[in-house]
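Trainee: Dumping the structure here so I can ask a few things about it.
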Amino acid sequence: MQTEKKDIRSLSKEQLRDFFVANGDKAFRGNQVYEWLWSKSAHKFEDMTNVSKQTREMLEANFVINHIKVDQMQRSEDGTVKNAVRLHDGLVVESVLIPTETRTTACVSSQVGCSLDCNFCATARLKRMRNLEPGEIYDQVAAIDSESRLYYNRPLSNIVFMGMGEPLMNYPNVMKAIDKITSPEGLGMSPKRITVSTSGVSKMIKKMADDEVKFKLAVSLHSAVEEIRNQIMPFTKSFPLPELREALEYWYKKTKSKVTYEYVVWKGINDDKKSIDALVKFCKHVPCKVNLIEYNPIDDGEFQQASEESINAYIKALELNDIIVKVRRSRGKDIDAACGQLANKEA
Ligand code: SAH
């Protein structure tokens, strides 16, 4: 029986060097091939033109290259681009290119579907789930970098892990992908331009702090009142607010990096004074800023964007307490590319 060939991109540079030595070649060949696989994004062994034909055939006999394929690309009237990305096993995830005057941001997925159950998010309703491999995360970023160069004449400037999935439930692969994105043999991007967003998996926030990561942290808070948070994001019953607060204090102590809270204000859910006061209080624990995100309706109207007045009440209270607050308008709504809308509708 033929055993399935291994994805060569699951090997580290060291492992690749060792492979060549074990096969009677020079370790240096490993570096060459590694560069082809990552910074040059080769899809086929035959593209590796500075490697001999014999070596390429030997690689072909032993490995496959599991590259992603951008199946479908949609462009929004505001310039946002959404990629439907097909994985080697046929599953699909989505990633988004968000251009502004000065930046291009890639919003990438970390899982197929999501491990969590936020009631307001379309991705949470997808049943199927698996973690993305480091290469599958890296490829989404590389694809958007190429699109940014093609459509906007500039390289990608920022990355947010705010696509499908919970990055901290796929932490080892997200870390491996970020290693490659930031390494000179990959995309050479600064970790300061990368933000990992979590719904609040506190024990993993602590782990990131222990690992002294250099990227930024965003937390999808949405409520600083325990009962409300538990109701709209049921999984948070396992990650109560005092634990989250403690994890964030630990994060700040170790990294000295401010936390961003993502927050949607919904009519009749968190648009009252009690919710505002609780958020202000929560924000005082750790240096932070608040992004008030516009709600993107996903279906039956259980959740509705709060009034302008309630949003202004939040802004006023936060500013009075010297907390930085920004209102984030949705991008790419017309192509279902906005926050919480990624759900493979076309797949
Ligand atoms: N699981 C991680 C990464 C996804 S980020 C996290 O939750 O942080 C996606 C962001 O969009 C999160 O802040 C999420 O709370 C928010 N979101 C989800 N559904 C939304 C919707 N319908 N409208 C606006 N924002 C939404």
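Using the three backbone atoms N, Cα and C, a Cβ is placed for every residue, glycine included.
These came from TrEMBL, pasted as-is:
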{"type": "ACT_SITE", "residues": "Glu94", "note": "active site, proton acceptor"}
{"type": "ACT_SITE", "residues": "Cys339", "note": "active site, S-methylcysteine intermediate"}
{"type": "BINDING", "residues": "Cys114, Cys118, Cys121", "note": "[4Fe-4S] cluster binding site"}
{"type": "BINDING", "residues": "Gly165, Glu166, Ser197, Ser220, Leu221, His222, Asn296", "note": "S-adenosyl-L-methionine binding site"}
{"type": "DOMAIN", "residues": "100-334", "note": "domain 'Radical SAM core'"}
Trainee: Kindly point out which of the binding-site residues Cys121, Glu166, Ser197, Ser220, Leu221, Asn296 have a C-beta less than 6 Å from some atom of ligand 1.
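Mentor: What lies within reach of ligand 1, judged by Cβ under 6 Å, is Cys121, Glu166, Ser197, Ser220, Asn296.
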Trainee: Near the [4Fe-4S] cluster site, what residues other than Cys114, Cys118, Cys121 in the same chain have a C-beta no further than 8 Å from the centroid of the listed C-beta atoms?
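Mentor: Result: Leu116, Asp117, Phe120, Ala122, Thr123, Ala124, Arg125, Glu166, Ser199, Met233, Gly340.
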Trainee: Using a Cβ-Cβ cut-off under 8 angstroms and a sequence gap of six or more, which residues of the chain neighbour Ser220 (S-adenosyl-L-methionine binding site)?
Mentor: Cys118, Ser197, Thr198, Ser199, Gly200, Met233, Tyr261, Glu262
Trainee: Rounded to the nearest angstrom, how far is the Cα of Cys114 ([4Fe-4S] cluster binding site) from the Cα of Asn296 (S-adenosyl-L-methionine binding site)?
Mentor: 18
Trainee: At a 10 Å cut-off from the C-beta of Leu221 (S-adenosyl-L-methionine binding site), count the other C-beta atoms across all protein chains.
Mentor: 25
Trainee: In which DSSP state, out of helix, strand and coil, do we find Ser220 (S-adenosyl-L-methionine binding site)?
Mentor: strand
Trainee: Which of the recorded positions Glu94, Cys114, Cys121, Cys339 has its Cα closest in space to the Cα of Glu166 (S-adenosyl-L-methionine binding site)?
Mentor: Cys114
Trainee: Restricting attention to the domain 'Radical SAM core' (100-334), give the mean pLDDT.
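Mentor: Mean pLDDT, the domain 'Radical SAM core' (100-334): 95.
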Trainee: When DSSP states are folded down to helix, strand and coil, where does Ser197 (S-adenosyl-L-methionine binding site) land?
Mentor: strand
